[in-house]
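Comments concern the structure below.
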C-alpha cells in the first residue's frame with residue numbers, strides 16, 4: 001500500500017513539475033498567456049471536459065471505460081432544446097428532464113455492463129453509436145437557439161468574479177475527491193479495479209457500485225451538456241463528439257491506470273489543467289484547433305507509456 | 001474439438017441468418033418500392049459501400065486477435081489523400097494505388113508495436129491515433145478536396161464482366177482472407193492469441209509478433225479500402241464519413257466476430273457490411289429520414305453484442 005502511494009506521489013510529482021515547465025514555457029512565448037483573464041477563460045472552456053473527467057476517473061479505476069459520454073452530452077443537449085422549444089416546457093423543467101435522460105442513459109450503460117456482462121469498451125462503443133444516432137434522429141439536423149438571458153449566466157456569467165460553471169466544477173470535483181478517498185464506496189471502487197473476482201467474493205457490492213458509477217457518468221455528462229448549451233447558447237446534434245478522447249486523456253495523464261485499481265481525482269485535475277494550458281499555449285502561438293488534437297493524441301500515448309514504465313519499475 | 005465445432009456452427013449460423021435478413025430486406029423494400037431493386041440502386045449500394053466491407057475484413061482480424069481499432073476511419077481518410085496527392089503530383093497511377101497499402105501497413109505496424117511491445121491497450125493506442133490522424137489530416141489539407149485526377153485513376157469505376165470492380169475486390173479479398181484465416185498457421189495463431197493469450201504463448205505462438213502482423217495486414221487492407229474510397233468519385237474528399245470506424249466495427253461484430261476475441265469469420269463481416277449498406281439505402285426508399293441511420297446501427301450492434309453474450313453464457 002505504501003509502495004502504491006509512493007508511485008502515485010511520484011507520478012503526480014512528475015506531472016506537477018511538467019505543469020510548471022509548460023506554464024513557464026507558454027508564459028515566455030506569449031504575454032497574453034499568464035493573465036487572470038486568459039486563465040479564467042481557459043478554466044471556463046475546460047469545465048465540460050473537467051466535469052465528465054471526475055466520474056470517468058471512477059470508471060477507469062474500476063478497470064472499465066465509458067466511451068459514450070460525448071454522445072450522452074449530445075443527446076441531452078438536443079433533448080434540452082426539444083423539451084424547451086418543441087414541447088414548450090419551461091426551461092427549468094426541460095433542464096430537469098434532460099438531466100434525467102442523461103442519468104437514464106448512464107444507468108442503461110451500467111445495466112449492460114453489469115447484468116449482461118458485456119465488456120465496458122464494447123458496451124459503451126455500442127451506446128456511443130446509439131445515443132448519437134438518437135440525437136441525430138431526434139434533431140433532424142435542426143439547431144435550437146434563442147435561450148433566455150438568465151440561462152446564459154451558467155455558461156457565460158460570473159459569480160464573485162469567477163466563471164459560474166467553475167463553482168459547479170469545484171463542487172463536483174470536491175465530491176469526487178471525498179467519495180473516492182474517504183468513503184467505503186471509494187475503497188470498493190479500488191477493490192473492483194484491483195481484482196473484481198476477489199472483491200465479489202469478499203462480499204463487496206460490486207454490481208451496485210459499478211451501476212452507480214456508470215449512472216453518475218451519465219448524469220454528469222448531462223450536466224456538462226447543460227453547461228455547454230448555456231455557454232454557446234445553441235444546441236446541435238454533433239455537440240461533444242470526440243470529447244471522450246479529451247476526457248480519457250486527462251484521466252490517464254493524471255496517473256490513473258487504464259488497467260484499473262490505481263488513480264486519484266487530484267491527478268485528473270492536474271492532467272486536465274496541463275492539457276488545457278498546452279492547447280491554449282499552442283493556439284496562442286498560432287497552431288490551429290485541429291493541430292492541437294494531434295498533440296492531445298501524442299500526449300495520451302506518452303502518458304500511458306510513462307505510466308506503464310513507472311508501474312514496471314515499481315513491480316520489480 | 002467439439003467446442004470448435006460448436007463455434008464453427010455458431011458463426012455459420014450468424015452468416016446464414018445474415019443472408020436471410022438481407023434477402024428479406026431486399027424483398028420487403030422491393031415490394032414497397034420497386035425502384036429499390038433497379039440496377040442503378042443496387043450498383044450504388046455495392047459500389048458506394050464495398051470499401052467498408054473491405055475494411056471490415058481487416059477489422060475482423062483485429063477483433064479476433066482480441067484487440068480493437070477505432071482509428072481506421074481516419075486512416076482511410078489519410079491514405080486516400082496520400083493517394084490523391086501522389087497522382088496529382090505526377091507519380092504513376094500504380095504508385096498512387098500501391099502507396100496507401102504500404103503506408104497503411106507501416107502506420108499500423110507502429111500501432112501494433114505500441115500495443116504488443118509497450119503494453120498500451122489497443123483502445124488507447126488507436127484512440128490516440130484517431131486524434132493524431134484526423135487532426136493531422138485537417139491541418140494538412142485545410143479541408144480542401146483534391147480534384148484534377150487523371151483519367152485511368154478511378155479504379156472503383158472500372159468494370160469486369162459488367163460487374164463494378166469494388167464488388168470484385170470485396171469478394172476476392174473476403175475469399176483470400178477467409179482462406180488465410182482458415183488454412184494457414186498465421187490464421188490459427190490469430191484465433192489462438194485472441195481466445196487465450198497465455199495458452200498461445202505456452203504453445204509457442206509469439207503473441208507480440210502475431211499482434212504486430214495483424215495490425216500491419218489490417219493497415220494494408222485499409223489501404224485497399226482507401227483506394228476504393230478515393231477512386232469512386234471525380235474528386236477526393238479530405239474527410240471520411242463521420243463515424244466510419246463505428247460502421248466498420250459494427251460490420252465485424254454483427255458479422256459474428258465475438259467481441260471477446262478468438263471467434264468469427266470474415267465472411268460474416270462482409271455480409272453485415274452489405275446489410276448496412278442496404279439498410280442505409282432502404283431508409284430513403286421507405287421515406288424514413290436518413291438521420292435515423294446511426295440510431296438503427298446502434299440498435300443493431302447492441303442487439304448483436306447482447307445476443308453474443310447470451311450465447312456465450314449458454315455454451316459456457
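Each residue, glycine too, has its Cβ placed from N, Cα and C.
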Quiz item: Out of B:185-203, B:242-260, which range is noted as transmembrane segment by TrEMBL?
Solution: B:242-260
Practice problem: Between the transmembrane segment (B:70-88) and the stretches B:12-32, B:166-184, B:205-230, B:242-260, B:267-285, work out which stretch tops the count of Cβ pairs under 8 Å. | Solution: B:205-230
Quiz prompt | Residues from the same chain, set at least six apart from the ends of the transmembrane segment (B:44-63), whose C-beta lies under 8 A from its own | solution = 69, 72, 76, 122, 156, 164, 166-167, 169-170, 173-174, 177, 181, 190, 194, 214-215, 217-222, 224-226, 228-229, 232, 244, 247-249, 251-253, 255, 257-259, 261, 264-266, 268-270, 272-274, 276-278, 280-281
Quiz item: Do the transmembrane segment (B:267-285) and the transmembrane segment (B:12-32) share at least 3 Cβ pairs closer than 8 Å, excluding pairs fewer than 6 residues apart in sequence?
Solution: yes
Self-check item: Chain residues in Cβ proximity to the transmembrane segment (B:242-260) (below 8 Å; excluding those fewer than six residues from its ends, i.e. six or more beyond)
Solution: 10-11, 14-15, 18, 52-53, 55-56, 59-60, 63-64, 66, 68-74, 76, 130, 266-273, 275-276, 294, 297, 300-301, 304-305, 308, 312
Quiz prompt | Cβ-based contact of the transmembrane segment (B:94-117) with the transmembrane segment (B:166-184), 3 or more pairs under 8 Å | solution = no
